[in-house]
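The structure appears below as structure tokens.
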Amino acid sequence: MTTKIAVFASGSGSNFQAIQQAIEDGKLDARIEIVVTDKPDAYVVKRAGNFNIAVFSFVAKQYASKADYEQEIIDTLKEHEVDWIILAGYMRLIGSTLLSAFSNRIVNIHPSLLPSFPGKDAIGQAMEHGVKVTGVTVHFVDEGMDTGPILSQAAVEVVDGDRSATEARIHAVEHELYTSTLQKLFKNEIKLVH
Ligand code: GRF
């Protein structure tokens with residue numbers, strides 16, 4: 001059965017596009033029902049429009065609390081009968097309201113080999129630290145910052161002193177790893193240790 005997903009993004013949306021492309025290429029049995037963004041001007045909104053995919057945008061500061069905007073997101077996702085939330089560059093911590101409504105149904109991609117370099121600018125953190133190998137992690141989302149159970153990882157060699165080349169390598173690996181991991185997850189082919 002085709003899995004109905006929502007993609008949450010705050011920025012460029014290259015992972016959103018890779019997921020949609022994998023769906024169109026028959027590599028991922030899913031359907032992006034809606035894109036959710038906290039940045040109404042983000043490039044991902046334009047990308048979603050190119051594929052005729054619905055967008056729900058919100059501005060967090062227009063709500064009294066995180067629980068309030070997350071409840072509105074939940075109502076929208078329910079209308080679209082969404083099964084899974086796929087975070088792809090969504091720059092907000094998921095709160096308890098969304099976590100309990102989509103328990104074990106929220107996945108994130110992070111540009112490092114977790115538990116190294118969680119949080120913002122993981123690529124910058126890795127380069128600053130001088131590591132030679134970094135990578136990509138796909139994991140379940142819990143209440144922490146990039147702390148949930150790991151679903152898959154891939155290593156990427158740092159290009160010494162060249163952030164943009166390193167970033168390009170990481171993005172290419174992300175696009176491949178995210179779609180293949182989601183396919184296994186939706187087909188129940190991933191076994192977790194924890
Ligand atoms: C990716 O590097 C992802 O790992 C991180 O945010 C970035 C989003 O990139 N969480 P894009 O918007 O999908 O191009």
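A Cβ is built for glycine as well, from the same backbone N, Cα and C atoms used for every other residue.
Automatic prediction, not curation, is the source of TrEMBL annotations.
Residues or ranges marked as domain 'Formyl transferase N-terminal' in TrEMBL: 4-181.
The feature N(1)-(5-phospho-beta-D-ribosyl)glycinamide binding site is assigned by TrEMBL to GLY13, SER14, ASN15. In this structure, ASN15 (N(1)-(5-phospho-beta-D-ribosyl)glycinamide binding site) is part of a helix by DSSP.
TrEMBL lists LYS66, MET91, ARG92, LEU93, ILE94, ASN108 with the feature (6R)-10-formyltetrahydrofolate binding site. Sequence-distant contacts of LYS66 ((6R)-10-formyltetrahydrofolate binding site), defined by Cβ-Cβ distance under 8 angstroms and a gap of at least six in the same chain, are ALA60, GLY95, THR97.
The active site, proton donor annotation in TrEMBL covers HIS110. The Cβ of HIS110 (active site, proton donor) lies under 8 Å from the Cβ of PRO118, ALA122, VAL136, THR137, VAL138, HIS139, ASP146, each on the same chain and at least six residues away in sequence.
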(request) Kindly point out which of the binding-site residues GLY13, ASN15, LYS66, ASN108 have a C-beta less than 6 Å from some atom of ligand 1. (result) GLY13, ASN15
(message) Cβ within 8 angstroms of the Cβ centroid of GLY13, SER14, ASN15: which residues besides those meet this for the N(1)-(5-phospho-beta-D-ribosyl)glycinamide site?
(response) ALA9, GLY11, SER12, PHE16, GLN17, ALA18, VAL44, ARG47, ALA88, GLY89, HIS175
(message) Suppose you look only at the domain 'Formyl transferase N-terminal' (4-181); what would the mean pLDDT be?
(response) 98
